[in-house]
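Visitor: Input: one structure, supplied below.
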Amino acid sequence: MTASKKLTGCQAWKALAAHRRNWKLHLRDLFAGDPGRGERMTAEAVGLFLDYSKNFVTDETLKLLLRLAEETGLRGRIEALFRGEKINLTENRAALHVALRSPKGTSIVVDGENVVPQVHDVLDRMAAFAVQVRSGSWKGHSGKGIRNVVNIGIGGSDLGPVMAYEALKYYSDRSLTFRFVSNIDGTDFAEAVQDLDAAETLFIVASKTFTTLETMTNASTARAWLLQGFKGDEKAVAKHFVAVSTNTAEVAKFGIDTANMFGFWNWVGGRYSMDSAIGLSTMLAIGPDNFRDMLAGFHAMDVHFRTAPFGVNLPVLMGLLTIWYNNFFAAETVAVLPYEQYLKRFPAYLQQLTMESNGKRVTLDGMEVDYQTSPIYWGEPGTNGQHSFYQLIHQGTKLIPCDFIAFVEPLHPLGRHHDLLMANVFAQAEALAFGRTLEEVTSEGIPAWLAPHKVFEGNRPSNTILAQRLTPETLGKLVALYEHSVFTQSAIWNINPFDQWGVELGKVLAQRVITELESREEPELGHDSSTNAMIRRYRKFRERME
């Protein structure tokens, strides 16, 4: 048996495949046959409540999924993660984002050294800097305080900070303005700074290597913009730029005082870094105490994931359900539906976390898989999505499992708003599960010709995740829940969720193309005929504009 077939050849996988072939139950049947199902098929930990009763599962299904987790060595993989073993095999690194939120006094050893004190040294430096900026004691080059913060990064250096800022805006200092620049499209930078005063603006340049093309292009443009505001005075850079990086030489060359460089480690992957120094903009927005509360939330979920039995382990259950639909029901996507406007960027954040992690086609030992890996994650906040894509989920031909996320207590209690919002959460999950039969439609006097259009098949599965209130701590728990669900999936699929070689080829080709686009002479093109034609067309139109 080849390495790639170890999964599909294991007994639990075969049993699940047989179980799926015999599956003929509708969610209506499952609830009718088990009056206590809605209370029984739930799990609760660290302040998060998961209702997974509206899924295609019986006790037998759960038993087989849990057996799959055991047979594929999930327990050992979890321990290897937390022990700091080099589980990122292709880069020969640990993947120790859990160390970023480990409390002081704990120990996680990498290459013979406890890294937790290093983590807290950086956090303490971040906190001291945040206090200076937030209090107004950090002065810009003109002597004015900082009123605007612009985070420049891309990928994990942008998606996490943007999501966290939006999610925790309720807790932010509203006297500070925050902007985020990631796209190399000049519009992104131009719009971010068009109404800002250079004398009151601080740039955070977030790039581990300080060589990332998009980030350093935007950083150079920001530097030029700042110097224009200070009539070319190079000394201004040190008071208006800080770096999140590990490349001291490049940071200094840029003009940033290396005392204002906040580092992190090669065992922190970009999409797992929002709770590292990459979260400096988050700390500036919400303050050090709230940031530490967020870290405490992450850590609480870490402990739960590591210690809870799989049958009540929230990330494990969610990961197993994803595998059940992805690999046995051919469901290609997961809809993430937060009924909380502050979480409007959460689905976009999860897109990188899930698909960059598990969008892999070979196993850890380099063998091509013979099963599907990561589904596509997407979504929008409710109730907005109800008036756009929910139609397809309810009555379309695709099976789309959904994650509903909601909070019992509103941050803005305005009249009936929150009750109406929560009514929609519960109603949508119910409608997806149970639908509306032809008999129910016709009993209401609907004409026969119209009745089929009003039938809802139902049998659309969903999870509902409830928490008391959206707080920094709750956000940490929620992000860690999905981090560990992703890890659970990767362990069972036997893939590496911590590398991202798929982003490299386009970068390499882009370097070649930019040389051809900017050449003063007509370049000799060696691409395919389509790419060659587009390059020539672009060059021709650009020449007309010059």
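The backbone N, Cα and C atoms fix where each Cβ goes, glycine too.
Swiss-Prot feature annotations, pasted as is:
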type	residues	note
ACT_SITE	E356	active site, proton donor
ACT_SITE	H387	active site
ACT_SITE	K507	active site
Visitor: Starting from the Cβ of K507 (active site), draw a 10 Å sphere and report how many other Cβ atoms land inside it.
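Guide: Counting Cβ neighbours of K507 (active site) within 10 Å gives 11.
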Visitor: Quick one: Cα separation, K507 (active site) versus H387 (active site), in Å?
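Guide: Cα of K507 (active site) to Cα of H387 (active site) measures 38 Å after rounding.
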Visitor: In sequence order, which residues at least six apart in the same chain have a CB under 8 Å from the CB of the residue listed as 'active site, proton donor'?
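Guide: Same-chain residues close to the residue listed as 'active site, proton donor' (Cβ under 8 Å, separated by 6 or more) are G155, R271, Q500, G502, V503.
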Visitor: What's the number of neighbouring CB atoms sitting within 10 A of the CB on H387 (active site)?
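Guide: Result for H387 (active site): 9 neighbouring Cβ atoms inside 10 Å.
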